[in-house]
Amino acid sequence: MDDSASQLWDNRVSAAIIIAMGFLGLIVNMHVILALRRLKTFGYAFGRICMSHTVANFGNAFVFSCCVAPISLFYPEFHKHYIGVRAGQILILFWNASVLSHFLTAVNRCVVMFFPFQCEQIFTKRVTDITIAVLWIFSICQVIPYFSTDCLFIYHIENFTFLFGDSACSVVIGTYADYYFSIVMICAIGALDVLTFVKIHTMNKNAGTMSVDMERRRKKEIKFFFQALCQGLAFMAELVSFFYINFQFKNKWMVFVFTTFAWITVHMLDGLIVIAFNKEIRTFRVITGNSTLGGSSSEAKTTIPTTKVGNVATS
């Protein structure tokens with residue numbers, strides 16, 4: 001088999017892997033989206049934030065499976081066309097929105113733990129909706145420079161991964177708007193998680209003095225924190241994989257594994273983590289719109305307490 005035939009075969013294999021992982025990500029995150037729309041387990045603020053990063057995950061999986069892979073299979077040269085290059089731009093948008101959503105999640109968890117009785121006044125519906133809208137607008141603004149032909153983030157079929165161009169604009173946005181931005185966000189998320197964990201440790205010492213109802217809600221908030229922590233660690237691992245580990249290899253398949261494959265996988269895992277930590281979402285049935293635990297939206301509205309203490313768990 002000559003080099004061109006070998007490259008063509010490898011390109012098809014990589015595209016098939018992307019399609020398979022992408023569709024798995026679509027299924028997982030669509031399940032979470034539908035469950036979040038019907039179930040009230042997370043409350044308004046945390047539920048809306050989870051919806052935000054799940055939509056970003058779905059968008060990521062959609063672009064890879066329905067755009068990047070088909071182009072690689074049927075018309076690889078289109079990756080260098082101005083329209084084809086938009087795939088990288090849109091992926092950056094969804095990545096930024098996902099990272100910012102996770103940052104907002106960390107802020108929410110920290111506020112809930114430190115200000116349990118004030119969190120409803122801090123994360124009101126209006127504040128939550130405006131904050132999420134702002135993070136998506138910011139994510140869109142961040143990718144505006146990519147409309148320039150001097151600022152490129154292109155998929156290379158030679159090693160099946162996205163790379164920034166060599167122009168000054170590409171280097172600047174790749175270094176500062178993407179790499180350093182992601183590093184700052186991940187560090188901020190880590191710092192907030194440490195503060196939250198310290199608060200949880202302090203609360204555990206006083207757990208014996210809590211009422212049964214308060215103890216149940218405390219455990220629920222702690223579960224949400226560890227869910228967010230696992231998601232943050234997954235994104236941190238992907239960041240290290242994409243910007244550091246992949247450069248330790250020359251083999252194109254190793255580069256593919258630690259860049260494109262890792263990128264798709266982390267957005268699929270993000271949805272799986274939500275499912276793993278929440279029994280109501282695991283048992284949610286798309287056809288009926290209900291959880292087998294009885295956690296439908298209508299039922300949840302009638303069972304959530306309206307006391308001050310009860311509202312703490314819904315933030």
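Even glycines carry a Cβ here, placed using N, Cα and C.
For reference, TrEMBL has these:
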- 20-278: domain '7TM GPCR serpentine receptor class x (Srx)' (DOMAIN)
- 12-34: transmembrane segment (TRANSMEM)
- 55-75: transmembrane segment (TRANSMEM)
- 87-115: transmembrane segment (TRANSMEM)
- 127-147: transmembrane segment (TRANSMEM)
- 179-198: transmembrane segment (TRANSMEM)
- 224-247: transmembrane segment (TRANSMEM)
- 253-277: transmembrane segment (TRANSMEM)
Cβ contacts the transmembrane segment (253-277)/the transmembrane segment (127-147), at least three under 8 Å, sequence gap 6 or more: no
Residue numbers, six or more beyond the limits of the transmembrane segment (87-115), whose CB comes under 8 Å of its CB atoms: 45-46, 49-50, 52-53, 55-57, 59-60, 63-64, 67-68, 71, 79, 122-123, 131-132, 135-136, 138-140, 142-143, 146-147, 152-155, 162, 178, 181-182, 185-186, 188-189, 192-193, 195-196, 199-200, 203, 221, 224-225, 228, 231-232, 235, 263, 267, 270, 312, 315
Mean of pLDDT values spanning the domain '7TM GPCR serpentine receptor class x (Srx)' (20-278): 91
